[in-house]
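Q: The structure is given below, and queries will be raised subsequently.
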Amino acid sequence: MEMLQGLLLLWLLLNVGGVWTSRGPLRPLCRPINATLAAENEACPVCVTFTTTICAGYCPSMMRVLPAALPPVPQPVCTYRELRFASVRLPGCPPGVDPVVSFPVALSCRCGPCRLSSSDCGGPRAQPLACDRPPLPGLPFL
């Protein structure tokens with residue numbers, strides 16, 4: 001009986017040491033979605049909005065029940081698996097200013113660690129990213 005209790009306790013510690021925040025897909029899972037973004041350059045007179053594909057959605061995560069007793073569990077984020085780069089040209093830029101802005105286009109996505117070198121790892125923003133200059137919508141990609 002003591003051995004059975006010991007095995008049960010071990011099983012509980014291993015399996016209940018963390019709790020899944022969701023048992024099923026309550027939100028859309030990590031995938032490419034269309035998003036409208038803005039690009040501007042301080043030296044150019046207008047801001048350009050364009051539509052691209054970004055990675056967004058839910059990644060299953062785990063939270064420790066006993067946070068002091070166990071090390072923290074890395075939280076995965078929805079990030080690029082495959083991507084390509086596209087560009088837009090900002091009109092009206094003065095000579096000597098590069099008018100081309102490049103941006104990533106998500107081809108496929110995955111849940112994984114956030115890499116600051118290629119992703120914005122911040123949480124939700126109080127206000128969406130917006131232009132400081134007057135917008136000029138819908139320019140074609142280069």
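Backbone N, Cα and C atoms are what each Cβ position is placed from, and that goes for glycine too.
Keep in mind that this is a model prediction, so the values were computed, not measured.
These came from Swiss-Prot, pasted as-is:
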DISULFID  Cys30-Cys78  disulfide bond
DISULFID  Cys44-Cys93  disulfide bond
DISULFID  Cys47-Cys131  disulfide bond
DISULFID  Cys55-Cys109  disulfide bond
DISULFID  Cys59-Cys111  disulfide bond
DISULFID  Cys114-Cys121  disulfide bond
CARBOHYD  Asn34  N-linked glycosylation site
SIGNAL    1-21  signal peptide
Q: Quick one: of Cys59, Cys131, which of the disulfide-bonded residues has the smallest count of other CB atoms within 10 A?
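A: Output over disulfide-bonded residues Cys59, Cys131: least Cβ neighbours within 10 Å is Cys131.
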Q: What's the CA to CA span in angstrom from Cys114 (disulfide bond) over to Asn34 (N-linked glycosylation site)?
A: 20
Q: What's the number of neighbouring CB atoms sitting within 10 A of the CB on Cys114 (disulfide bond)?
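A: That number is 16.
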Q: Does DSSP give Cys30 (disulfide bond) helix, strand or coil?
A: coil
Q: Please tell me which one of the disulfide-bonded residues listed here (Cys30, Cys47, Cys131) sits closest to Cys111 (disulfide bond), measuring Cα to Cα?
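A: In terms of Cα distance, Cys111 (disulfide bond) lies closest to Cys30.
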Q: Counting distance between Cα atoms, which of the recorded positions Asn34, Cys44, Cys47, Cys55, Cys131 is nearest Cys78 (disulfide bond)?
A: Cys55
Q: What Cα-Cα separation, expressed in whole Å, is found between Cys109 (disulfide bond) and Cys30 (disulfide bond)?
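A: Approximately 6 Å lies between the Cα of Cys109 (disulfide bond) and that of Cys30 (disulfide bond).
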Q: Show me the subset of Cys30, Cys44, Cys47, Cys93, Cys131 whose Cα is within 10 Å of Cys59 (disulfide bond); these are the disulfide-bonded residues I mean.
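A: Checking each Cα against Cys59 (disulfide bond), the hits are Cys30.
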Q: Quick one: of Cys44, Cys47, Cys93, Cys131, which disulfide-bonded residues lie within 10 angstroms of Cys30 (disulfide bond), measuring between C-alpha atoms? Sequence order, please.
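A: None, since no candidate lies within 10 Å.
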Q: Counting other Cβ atoms within 10 Å of each residue's Cβ, which of the disulfide-bonded residues Cys93, Cys109 comes out lowest?
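A: So among Cys93, Cys109, the disulfide-bonded residues given, the one with the fewest Cβ atoms within 10 Å is Cys93.
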Q: Whole-number Å distance between the CA of Cys44 (disulfide bond) and the CA of Cys131 (disulfide bond)?
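A: Spelling it out, the Cα of Cys44 (disulfide bond) and the Cα of Cys131 (disulfide bond) are 12 Å apart.
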